[in-house]
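Per Swiss-Prot, the feature region 'Disordered' maps to 21-52. The compositional bias 'Polar residues' annotation in Swiss-Prot covers 27-43. Annotation source Swiss-Prot lists active site, charge relay system at LYS123, SER198. Residues annotated as active site, acyl-ester intermediate in Swiss-Prot, with sequence analysis given as evidence: SER222.
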Amino acid sequence: MLSTVQNPRFLLRQCRHFPPKRRRFHSSTPLFLSQPQTLASTDPPSSPPQSQILTIRDNLINRRTTAVELAQLSLNRLRLTEPQINSFISVSETVLREAEEIDAKIARNEELGPLAGVFVGVKDNICTADMPSTGGSRILENYRPPFDATAVKRVKDCGGIVVGKTNLDEFGMGSTTEGSAFQVTANPWDVSRVPGGSSGGSAAAVSARQCVVSLGSDTGGSVRQPASFCGVVGLKPTYGRVSRFGLMAYASSLDVIGCFGSSVADTGILLHAIAGYDGLDSTSSKHEVPNYTSQFMSISSLESKPLKGLRVGLIRETLDDGVDKAVVSSIVGAASHLEELGCTVTEVSLPSFSLGLPAYYILASSESSSNLSRYDGVRYGSQVGADRLNSLYGDSRAKGFGPEVKMRILTGTYALSAGYYDAYYKRAQQVRTLVQKSFKAALNENDILISPAAPSPAYSIGEKKNDPLAMYAGDIMTVNVNLAGLPALVLPCGFVEGGPAGLPVGLQMIGAAFDEEKLLKVGHIFEQMLKGYKFIPPLLADGIAC
């Protein structure tokens, strides 16, 4: 028996349009197991959540430590945790040399970049010069790009140290990181569970403190769902906010490079470093890039209702029967805390919500069938020896691509074929327009929208690997945001039962186009409601420095 959220009739049914509903959100305390210091609380901490980036910078400038010492500490933590997590496909060999260069700058009293000495993980579908960039696929196993992606170049220009390339589902096609051709990444909160996907390696690396921040990509939720599963902050920017140059194309009208951090401040600092117009990407926007963290303040220094007047819409369809009840309780609790901060929280309906998931998979698969045609063993990709050209193409792709990639290429080719284009691809584009209109209407009445980031907490490795429908259904909370091209921030809001210390739940905040600044400001205030705000996984409880 399929659960409601797995049932195709649930995914395809037309949602009724509900009028806005205003009610008080009383938290029915979810199962916040162990580590009570992480519970959402009405008693704010005395200081805001610590920014690791700002702490590193302050320690370097005031010479309390050196970049080399920090690098050695981080590499040691990575060596201790990596055998259990498998976050990285490859680790840079130049880390210590880059750290030495930062120390030399300090010795010469030169100005440091905003990311100086900060360890940054990079998802392995984002190109890095002179480092492997595999896309998680055998067909690119030996590929070393001659250039950096624009986002990577900007990280390096700001002094960031790329520690390595993180694991992912092949070409970003998956929700568990089990689809990698090289290894399966585990969730630091429970190593028997998935970290989410497709940016599972990037999320797990930040959660396990193997790096300070990381870059991922988000086509249908690949930053936000892993952030929820791993208890970290994840940001999907507006489409066009961050250059896609150097990102391996999956679905070009949906792909976005996003950010992970252990705090909203670190995530905002990373976004500021990589955002902005790039002439190498024709979809890049010329919208001004604000200083996302310049207005961040401790909640103790603000008025008692720091978010007074903010209109928040809780998306009703995201609390449906197919969503884990403990997850719903956590989100309702988060809505209650937003009200305590001064927000007006109202239930809103997105009439086209349930149509987004099937439309997304038609559009994404169609675009991938075109984008991945370049990997033929001649222009790109590993080549398999063959006597005839057609055999070379076929054998190279058959042996180079994994099963999920093949399935999506076939699905996309079918949807674009003569006789089926109007029935599938064209209708999916029409649904996309409906989704965009639904969000526009909702955001005309609300400043931000909120929902769960995923319908469940992290599940066991292998649990859904052979059930594509169930795995696809897990994206229902996130794909609509990509169809609309809007920004969304995910941050931890509590725990539910599972694993040795509970499993994190993520709250998704959705904003208007290019309004990342508002999302980050609200997120920064909200996270200070979490006592001590240290979502430290059990993996790090055994004496490994955090």
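Cβ coordinates come from backbone N, Cα and C, glycine included.
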Rounded inter-Cα distance in Å - SER198 (active site, charge relay system), the residue listed as 'active site, acyl-ester intermediate': 5
Active-site residues compared (SER198, SER222) - highest count of Cβ atoms within 10 Å: SER222
SER222 (active site, acyl-ester intermediate) and LYS123 (active site, charge relay system), Cα-Cα, nearest whole angstrom: 11
Cβ-Cβ neighbours of LYS123 (active site, charge relay system) (radius 10 Å): 32
